[in-house]
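Taken from TrEMBL as is:
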DOMAIN    80-260  domain 'ABC transmembrane type-1'
TRANSMEM  26-43  transmembrane segment
TRANSMEM  84-106  transmembrane segment
TRANSMEM  118-138  transmembrane segment
TRANSMEM  144-165  transmembrane segment
TRANSMEM  186-219  transmembrane segment
TRANSMEM  239-263  transmembrane segment
Amino acid sequence: MNAVAVAAVAGERTAKGRNASEWSSRAIRVAAVLAAIGLWQLLTVNDVRAGLRFDSLPTVTEIVAEFGEHLGKDQYYLDIAQSLIRIVTGFGLAAVVGVLAGIGLGRSRLLADVFGTLTELVRPIPAIALVPVAILLFPSDESGIVFITFTASLFPVLVSTRHAVRALPTIWEDAVRTLGASRRDVLVRVVFPGILPGVFSGLSVGMGVAWICLISAEMISGRLGVGYRTWQAYTIVDYPAVFVGMITIGVLGFATSGLVELAGRRITRWLPREVAE
C-alpha cells in the first residue's frame with residue numbers, strides 16, 4: 001500500500017471517529033436533559049420536601065398540558081414575535097455600535113482617553129437598573145425596552161472587540177504597511193479578520209445578557225412579550241403558565257445564541273479550529 005492510500009485510509013478513519021464522537025456527545029446532552037425532566041417529575045409528583053418545597057411546584061405533566069394550551073393560542077406567538085423583534089433590534093444595534101466603538105477604543109489613544117474612563121464607569125451598572133431612566137428618557141415603553149436590551153448587550157461586544165484589537169500582533173500591521181497598505185487596507189485586511197473570534201465571543205455573551213435584561217424589562221414595563229406574559233401568570237398564581245414562559249425564554253435564548261455561534265463558525269471557518277473556538 002502506497003503513502004497516498006495509507007493517508008486516505010487514515011483520513012477516513014479520523015472522519016468516522018469524529019462523527020462517532022459528535023453523535024456520542026449529542027446523545028449525552030439529550031440524556032442529561034431527559035434525566036433532569038425525569039427527576040423534576042419524580043420530585044414533584046411525590047411532593048418531596050427535603051429543604052426545598054418541591055410539593056409547591058407544578059409537575060412535568062401539568063406543565064406539558066399548559067404548554068399544549070399555549071400552543072393553541074395566537075397570543076403566545078404574538079408574545080414570542082414581540083420579544084424577538086425587541087431582541088433583534090436592541091442586539092443588532094449593540095453589535096454594530098459595540099464593534100465600531102471597540103475598534104475605535106482599541107486603536108485610538110485619543111478615543112480611549114476621552115471615552116475609556118466613561119465606558120468603565122457605566123459598564124458595571126446593570127442594564128435593568130436603567131429602567132427608571134428609560135421610562136423618563138423615552139416617550140414609549142417600547143423604545144425603553146429596546147434601549148435596555150441594547151445597553152445590556154453593548155458592553156460585552158465592545159469590551160471583547162477592544163481586547164481583540166489590542167491583542168493583534170503588531171507585526172501583522174507592520175508587514176502590510178511595508179507593502180504600501182493604507183489605513184483602510186489595514187482595517188479591512190488585518191484588523192477585521194484578526195478580531196473576528198473575539199467579536200463573536202462578545203456577541204455570544206451579549207446575546208445571553210440581552211435576553212436576561214429584555215425579560216426583566218418586559219416584566220417591569222412591558223405590554224406584550226414573553227417576559228410580560230410570564231409575570232402576568234405569576235400575579236394570578238398560574239404556576240404552570242409561569243414555567244411555560246420560563247421554558248420558552250430558555251428555548252429562544254438557546255436558539256438565538258446558537259445562531260450567533262453558528263454564524264461565527266461559518267465566518268471564521270478559514271481559521272484553525274482552536275483559534276476560531
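Glycine residues also receive a Cβ, built from the backbone N, Cα and C atoms like all the rest.
Ranking 26-43, 84-106, 118-138 by CB pairs under 8 A with the transmembrane segment (144-165) puts 84-106 at the top. Sequence-distant contacts of the transmembrane segment (118-138) (same chain, six or more residues past either end, CB-CB distance under 8 Å): 105, 144-145, 147-149, 151-152, 155, 158-159, 209, 213, 216-217, 220-221.
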